[in-house]
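Here is what Swiss-Prot records for this protein:
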DISULFID  CYS58-CYS86  disulfide bond
DISULFID  CYS64-CYS221  disulfide bond
DOMAIN    67-225  domain 'GG-type lectin'
SIGNAL    1-24  signal peptide
Amino acid sequence: MRVAGAAKLVVAVAVFLLTFYVISQVFEIKMDASLGSLFARSALDSAIRSTKPPRYKCGISKACPEKHFAFKMASGAANVVGPKICLEDNVLMSGVKNNVGRGINVALVNGKTGDVIDTKYFDMWGGDVAPFIEFLKTIQDGTVVLMATYDDGATKLTEEARRLIAELGSTSITSLGFRDNWVFCGGKGIKTKSPFEQHIKNNKDTNKYEGWPEVVEMEGCIPQKQD
């Protein structure tokens, strides 16, 4: 009886050890597979991150150098989609912000700090040009001025208004016509003509939309005003 009992004990221990061994092997295989999947997924995520193109402020195509403000802007599309003005990854004016309108849309920015001073739009089709002229006269030296048309930005413009905008560095303002698309970035006190200006004429033979030219876009880096 003692021999039979001992034999049963030996068998039970052997079965236990065998079961433990099998379970440990299966667990180890699963663990290896899980770790392998984890490392493979991490490597894939790293590869995706390394191949993803970098995003620059306002979505411009390349980074601006130090002491420059990144900007991107677009005119309105016909009389349907309003213009958009972005500076340093901050959308200053857009249809989503509900602060744009028919005519000339203007954003004023401190040329030293990049802080927004004011945003306004002036109706140059059914409005009065006088408030626009007074607004232009109040702009202080060192202010960055960004302008974009929507629908029609020229019908009510007078020679005085055009002259004041030209003093901000614009070249195309003298020829801006009915329903032309135009974007401009200049500054009060600028000594030369601004390199940041795009203008597309309203031409029935080349217009993208019925009665309006295509949207005009522009991006760049504005030098920060130094003391």
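Just so you know, the numbers here start at 1 and follow the chain as drawn.
Cβ from N, Cα, C; glycine included.
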Three-class DSSP secondary structure - CYS58 (disulfide bond): helix
Neighbour count (Cβ, 10 Å) for CYS64 (disulfide bond): 20
Other CB atoms within 10 A, centred on CYS58 (disulfide bond): 21
PLDDT averaged over every residue in the domain 'GG-type lectin' (67-225): 97
Per DSSP, three-state class assigned to CYS64 (disulfide bond): coil
Whole-number Å value for how far CYS64 (disulfide bond) lies from CYS86 (disulfide bond) (Cα to Cα): 14
For the disulfide-bonded residues CYS86, CYS221, the one whose C-beta sees the most other C-beta atoms within 10 angstroms: CYS86
Residue pair CYS221 (disulfide bond), CYS58 (disulfide bond) - Cα distance, angstrom, rounded: 11
